[in-house]
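Engineer: Below you'll find the structure I mean.
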Amino acid sequence: MYVRRLRRERSNQAIADYLGSNGYTDALEAFRKEADMPNEIERKYGGLLEKKWTSVIRLQKKVMELEAKLSEAEKEAIEGAPTKAKRTPTDWIPRPPEKFALAGHRATVTRVVFHPVFSMMASASEDATIKIWDFETGEYERTLKGHTDSVQDLAFDSHGKLLASCSSDLSIKLWDFQQTFECVKTMHGHDHNVSSVSFVPAGDYLLSASRDKTIKMWEVATGYCVKTFTGHREWVRMVRVNVDGSLMASCSNDHSVRVWQTNSKECKAELREHENTVECIAWAPESAAAAINEAAGADNKKGAHQGPFLASGSRDKTIRVWDVNSGLCLFTLVGHDNWVRGIVFHPGGKYMLSASDDKTLRIWDLRNKRCMKTLYAHSHFCTSLDMHKSHPYVISGSVDTTVKVWECR
């Protein structure tokens, strides 16, 4: 009885403080009269109602997260998937709910990338800015300003000393990531929207792709364009360099993927099977070779494909995996309900991850050529994703203007 009365008195004091501090004087007088309260409110009750409400919201959020994790565990138990205790890092995949949902951009997030060394990530946006975040704490670090139109792509060099960005303002910028975080070089040369950038692994050259249908190679030290690759008949959407820097791949609105030798202007292969614009490409790591060969039905001892292997995602809603040497499409992954906007191979080599305009991230089992998990990631189109090479994290960006961090387990 006493405890109940004490709780009621404290609640009344907290409500009275809230009414008084927000200027609801008439309501406060009526409440005091109704509750038979003294005129003075003890100081310890200041802001108590709001604190209680915040605590309730925080607890509700925690309950929802725990329910999502419990649901995930139950689903795995029913489907017979490996439990957390039995999974090794090569099997870790992103699981709901997201660890962080980061807000700050004022328009569509176009690209998200991890820093190769530090616990940082960068996001580019149509609001013409680049934002830097700490992916382990979810803290906002800084904003890089300099572009005057939508920032389309980002790329760190292999040591993380430089960040390259490209924009609809026709420029490419290099940003110092050792000390100042300032723009140290701006390069001009494309005649239209610059849609993609990618460093050659050694870090001395940078490649860029544009709506002007060309790919350009730039010397990082001088900022001079040293080569221009021509061949695509429409907007070049993305360019990516393979692990040893000898080959680069590009994809285009002309429905094709082209593979080029970086030390010449020669087009090594033109890969044509997509039925719409090819939005994204990703080189397969060596760790994925066994899974890709098994999926392709090749005998690993006798008729195995040697690679290198390349994946491409398209507006035709499919992902295709190619043997670059033979030019063959080895298999196709079908499951997305809208454009495929981003793809990345799992470092362990067993899986591929994709982002799509159907608002999902999907995890694909390469050996079995099937979607093994779907994350309903964003409230609008998913535009980009990245997976860290050594830490258990995936990041995604969206038209909903948020960046999400997903923990792998």
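Heads up, the Cβ atoms here are built off N, Cα and C, so glycines get one too.
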Engineer: Please identify the range among 54-81, 194-221, 222-249, 306-333 that Swiss-Prot labels coiled coil.
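Structural biologist: In Swiss-Prot, the coiled coil feature sits at 54-81.
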Engineer: Looking at the stretches 104-145, 146-185, 189-228, 231-270, 273-332, which one shares the most CB pairs under 8 Å with the repeat 'WD 7' (377-409)?
Structural biologist: 104-145
Engineer: Using DSSP, break the domain 'LisH' (7-39) down into helix, strand and coil residues and give each count.
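Structural biologist: Helix, strand and coil residues of the domain 'LisH' (7-39) number 26 helix, 0 strand, 7 coil.
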